[in-house]
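**Student:** Before I ask anything, let me first share the structure, which is written out below as structure tokens.
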Amino acid sequence: MSQCILRIALDTPLHAVFDYRWACEPGARPAPGQLVLVPFGRREVVGIIVAVLDETDVPVEKLKDALAVRSQLGPLSPHWLALAGFAAEYYQRPLGEVALPGVPKNLRLSTTVALDRAIKKLAKLDPGHDATPVDMPVLNPAQQAAADAIGSASGFSPILLYGVTGSGKTEVYLQACAQVLAREPDGQILILVPEINLTPQLEGNIRARFPGVMLATLHSSLSEGERMLHWLAAHQGQARIVLGTRLAILASLPRLALIIIDEEHDPSYKQQEGLRYSARDLAVWRAWQLKIPVVLGSATPSLESWHHAQSGRYRKLELRERAVQQATLPAVKLINLEHDKPRDGLTAALVEALKLRLERGEQSLLFLNRRGYSPVICCDSCGWVSDCQRCTAFMVLHKGEHKLRCHHCSLEMRIPRHCPTCGNVDLQPLGRGTQRIEEGLQLMFPQARILRIDADSTRRKGSAQEAFDTVHRGDVDILIGTQMVAKGHDFKKLTLVGILNPDTALFSQDYRASERLFAQLMQVAGRAGRTAQAEGGSPSEVLVQTRYPEHPLYGAVVKHDYDRFASALLAERRQAGLPPFLYQAMLRAEAPELAKALAFLQAARDCASHEGVTLNDPIPMSMTRVHNVDRAQLLVEAASRPVLQAFLKDWLAQLRDMKARIKWSLEVDPVDI
Ligand code: ADP
Ligand code: ZN
Ligand code: ZN
């Protein structure tokens, strides 16, 4: 027996790795990347070995013995450890806090799970080889060129697949996958989608297209058992295709050969708590690390990716036409709310258009922007509004449950019978949520089959899928929904999209709001007219209700002109010195009193030495109070990413040394400012 030192990452907020002793036969040393059980404080926890050493500076009397190396599970690869290491450094978090959550909980239990039994279950994922493959549709020339370009790319090749809605990007992904799978007999492909529940279509397509290929899925609604199974299938290389949401970017994929990120512009790729990473950015890094292609697909690419494509860092592949013959992009019309005053949220022009679709048996979709449009209760006589007692936010009316609810802290209360300030009994909802639109429509069109899809109506697991199935079956005439309905769906019978309230986003203080609004409008408009216009059917159209029809953003939507809009926005950003021409980080602090949070940020600002870095003044966050806690922020900016990174590293070490008794956190590349 001989001794070695295991350097181990543990899931703790401490910025450190920990050394333990381990006795083993010479030549039988554990490998970095193996899971290991160690005593930590009064507990026993599982960590990951990051290095195996002969000696350490830690004094001998402080060294404890590791308890067990989990050798049934093959080690995580050096590439994977490097990925976790990069993410930890870039986002300024401890390595263990990044790496351990990347491994399923069941493998991190202090008692060993019977891995062989687990592993046997993997057979369940095995699709078998008796299924017959579905024919690949013949690609149009633009699709074929794109699929070939991706399929034959080698080395680190970031590719922006810019294709209008309905241009058949999915088909391009699938055929590029087929080429890669055929060329690399062991190769694995990672496909990321913004929300797994909204894309069973894609999962179905993959299964039908690649019947002999094992597919693993990784997303947050799997049970722990399922998650372990799918994770192992990826880790052991059996799963050739892994489909998942942002968290799948940290999956262990020993033979990764291609990464595809569908709807790469989607904000869901950014994790908004804990390790606030961008799965898209990590994907590009991972592709760079492994020298493999990465495809970013979108009809409305993020300005970051568009900028890289324009500057030649990313290769741009374009699909300018819809894939289905005679399916044309819908005509977008602006309805001026000054001239056509809405009743129950709907203008006369939109009501007429709905009527026509109902007569013809076609589907319509009404889209509401959730932000700034939830119904709150207000008092006409004194101006009282239902604001939350704990947050800088309004409580939102949920009529079916007879409740007001705060969407930030979840505080609930009964709908008051009279105004708490003046006693007025006639309290009215202000603003029109999806529920009110639904009620108004049902009165207007009693025969119509109306379905509402939003976060409230789909809380139960699986209910979103049921709802979308109903739409696909054609059992719905009018679909009402929020952001959820805008993404990716291929609704075949939809010929009308009404956009009810887009204007609020025009005046947001967040400089990204117009980029998001544009993407959202193009996405939701793209749900219409996806099949050839039927004989005698209505041409597909999109009606946008707005008070600002002259706004250039709407002009660009009418022309389906992403290119020009993106160029104009980029020029603005360059001039104003905003990302992607500048790099940012946000330090946030929270305390029961605002002054304390601000004082901490001011102290942080004062202790910084900063060449090439700008530290702005600490300010209260726009939603200052949440759950009785006040929040403030300090924006840090630099023209160079390495300069910002180097600064943050030193600065955060200083901040940790301050040992301030206040909750604070840092976000690198923040998206909500
Ligand atoms: P996107 O993701 O670009 O919005 P989809 O991949 O959903 O577009 O494709 C839109 C529609 O076009 C789908 O119904 C798809 O089956 C169809 N489609 C794609 N490629 C072809 C093709 N080459 N021939 C016929 N139909 C196609
Ligand atoms: Zn609240
Ligand atoms: Zn009142």
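Note that Cβ sites are derived from N, Cα and C of the backbone, with glycine treated the same way.
Caution: TrEMBL annotation is automatic and unverified by curators.
In case it helps, TrEMBL gives these features for our protein:
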- Cys379, Cys382, Cys419, Cys422: Zn(2+) 1 binding site (BINDING)
- Cys388, Cys391, Cys406, Cys409: Zn(2+) 2 binding site (BINDING)
- 150-319: domain 'Helicase ATP-binding' (DOMAIN)
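Locate each feature and note its surroundings.
**Tutor:** Around Cys382 (Zn(2+) 1 binding site), a 10 Å sphere centred on its CB holds 12 further CB atoms from the protein chains shown. When secondary structure is read from DSSP and collapsed to three states, Cys382 (Zn(2+) 1 binding site) falls in the coil class.
Listed in sequence order, the residues of the same chain lying 6 or more apart from Cys391 (Zn(2+) 2 binding site) and placing their CB within less than 8 Å of its CB are Cys406, His408, Cys409, Leu411, Met623, Arg625, Val626, His627. In three-state terms derived from DSSP, Cys391 (Zn(2+) 2 binding site) belongs to neither a helical nor a strand segment and is classed as coil.
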**Student:** Rank the binding-site residues Cys379, Cys388, Cys406, Cys409, Cys422 by how many other Cβ atoms lie within 10 Å of each Cβ and give me the one with the fewest.
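**Tutor:** Result for the binding-site residues Cys379, Cys388, Cys406, Cys409, Cys422: minimum number of other Cβ atoms within 10 Å at Cys422.
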**Student:** Can you list, in sequence order, the residues of the same chain other than Cys379, Cys382, Cys419, Cys422 whose CB lies within 8 Å of the CB centroid of the Zn(2+) 1 site?
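**Tutor:** The surrounding set, listed in chain order, is Asp380, Ser381, Gly383, Trp384, Pro420, Thr421, Gly423, Asn424.
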**Student:** Which chain neighbours of the Zn(2+) 2 site, leaving out Cys388, Cys391, Cys406, Cys409, have a Cβ atom within 8 Å of the mean position of the site's Cβ atoms?
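**Tutor:** Everything else in range on the chain: Gln389, Arg390, Ala393, Met395, His407, His408, Ser410, Leu411, Val626, His627.
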**Student:** Would you kindly give the Cα-Cα distance separating Cys388 (Zn(2+) 2 binding site) and Cys419 (Zn(2+) 1 binding site), rounded to the nearest Å?
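**Tutor:** So the Cα of Cys388 (Zn(2+) 2 binding site) lies 15 Å away from that of Cys419 (Zn(2+) 1 binding site).
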**Student:** Rounded to the nearest angstrom, how far is the Cα of Cys382 (Zn(2+) 1 binding site) from the Cα of Cys388 (Zn(2+) 2 binding site)?
**Tutor:** 18
**Student:** So what's the mean pLDDT when you look at the domain 'Helicase ATP-binding' (150-319)?
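**Tutor:** Residues in the domain 'Helicase ATP-binding' (150-319) carry a mean pLDDT of 94 in this prediction.
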**Student:** In terms of DSSP three-state secondary structure, what is the assignment for Cys409 (Zn(2+) 2 binding site)?
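**Tutor:** SS state of Cys409 (Zn(2+) 2 binding site) = coil.
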